[in-house]
Amino acid sequence: MRCLQNSAKTLPLAFKSALLPLSQRWFCKFSPKPSSLTNIFKVSISTMANTLNGNVIMTSKPQSTYQVVVAATKEMGIGKDGKLPWNLPTDLKFFKDLTLSTSDSAKKNAVVMGRKTWESIPKKYRPLSGRLNVVLSRSSGFDIANTENVVTCSSIDSALDLLAAPPFSLSIEKVFVIGGGDILREALNKPSCEAIHITEIDTSIDCDTFIPTVDTSAYQPWCSSFPICENGLRFSFTTHVRVKSSSAGEASDESDGSKVLQVDWKKFSSVLPKMIFDRHEEYLYLNLVKEIISNGNLKDDRTGTGTLSKFGCQMKFNLRRNFPLLTTKRVFWRGVVEELLWFISGSTNAKVLQEKGIRIWDGNASRAYLDGIGLTEREEGDLGPVYGFQWRHFGAKYTDMHADYTGQGFDQLLDVINKIKNNPDDRRIIMSAWNPSDLKLMALPPCHMFAQFYVANGELSCQMYQRSADMGLGVPFNIASYSLLTCILAHVCDLVPGDFIHVIGDAHVYKNHVRPLQEQLENPPKPFPVLKINPEKKDIDSFVADDFELIGYDPHKKIDMKMAV
């Protein structure tokens, strides 16, 4: 920035500013609209008057923060010969919508760019309308004195200082750094960078300008769009948010096996543009719960508790960047993992889970419950031919939870893996827990009953049908469980996770869950965590709980809800 040195060293800072000529007071060359000069002078005169009256003491510099907006290839290439080496109209529209979006209609955003980036914008489009354009240049020959809504500065720091102080702090809502290469290399991953909005281009493209990768020890994905194909390129929009001030230090280990980065969750709603904040996928769940509570059908149910119900619902989660473990309340991650591994093992013995401190099946495995449904000869803890048995021994005759069923029935899970590996275009990659001939032997007929898998673009996706969904207690578990299953199968089959589509028949809220769910609805979401799977394990039957590491799970507190049995 072409900054002019302030030589009035002995006066209070605000008083010095009021005495200096206008162009020096903001330390940059800028060209305001004539209509804005009145407001600028009002700010300056007010500052001087309050300082003289002893009402203003400027002891510290305002905090200067910003967000980065960039499109990059997998190799983090962003340009070739000073131009974008791709033509993506959808990306340009996203950039425009993002940088124009404000929550206060009286304010605008600022876009910070290097001189070469400014010059690469066609003249008819510059300055970028509806935004304050801040151009960084140290060249004495660069002059935009007659251009409205443009400020020139010599560095990012000086530009941020300018924008964080009056008068700009009163009219600028958010600051976006948009390029070019040198500017982004300096700005990306700095502690003052609160969010990174990156258009991730899957295709390798010849570039000569590159930027660093996103520091995943300091940032977590907030949201990521499903892949878009345009002009032969596949890309997606991902926003990463800063969850700690630097990459130094270790995340804390939680008792459930997750790793937590210290997240200041309160800031996200104010930091992120609303169009980005609202894209958090947890809102798929929260909005469905809200809709059921507000407009659900009042129905009786098997347990006698009573429900509010809606029929025919769908949620679609993107597994490519993060893992959909709900954050508006704490979900029992260790329970999710151990139960899924229990399913995979084919076990029907609830005591196996009990011994690990997992008691989610206790209600349906108790002596009183089994007697109540007519299974009086069944040993306590024996759930009958439920999920795992159907996955691994479909069609086998069930005796009890102690029998060895090796080689009996049809192993649907191994069949799914074989088809994914050897016939990925098969439309019959299906696993069903619904076996009508065995329903009368089950402690509880399967709720999540049918899963189909789909392979495309090196990704594995899963669509699961759930006939009955307890939105308060069950669904958060179900989302995590089938997302984890999809991630495990992708890992075993050398693919990457794609989508998890959750289709629900009867989606219901129990009457005694309404109040705790309303409490949960008051909690804003936090970033979803990231899942890491032990790369050494490739056999579906070899996994243990320690093979799954959850990074950055920092949910709101646990919310108790009583299980309807």
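Even glycines carry a Cβ here, placed using N, Cα and C.
Cross-referencing Thr199, Thr203 with the substrate binding residues that Swiss-Prot gives (Val69, Asp91, Ile178) picks out Thr199.
According to Swiss-Prot, His448, Gln466, Arg467, Ser468, Ala469, Asp470, Asn478, His508, Val509, Tyr510 bind dUMP; the candidate from Arg279, Arg302, Arg320 that the record adds to this site is Arg302.
According to Swiss-Prot, the feature region 'Hinge' maps to residues 245-280, out of the candidate ranges 29-64, 245-280. Taking CA atoms as the reference points, Gly179 (NADP(+) binding site) and Ser468 (dUMP binding site) are 50 Å apart. When the C-alpha distances from Arg185 (NADP(+) binding site) to the binding-site residues Thr199, Arg302, Asp470, His508 are tabulated, the minimum falls on Thr199. Using the Cβ center of Val69, Asp91, Ile178, Thr199 for substrate, the list of other same-chain residues with Cβ within 8 Å runs, in sequence order, Val70, Ala71, Phe94, Phe95, Leu98, His197, Ile198.
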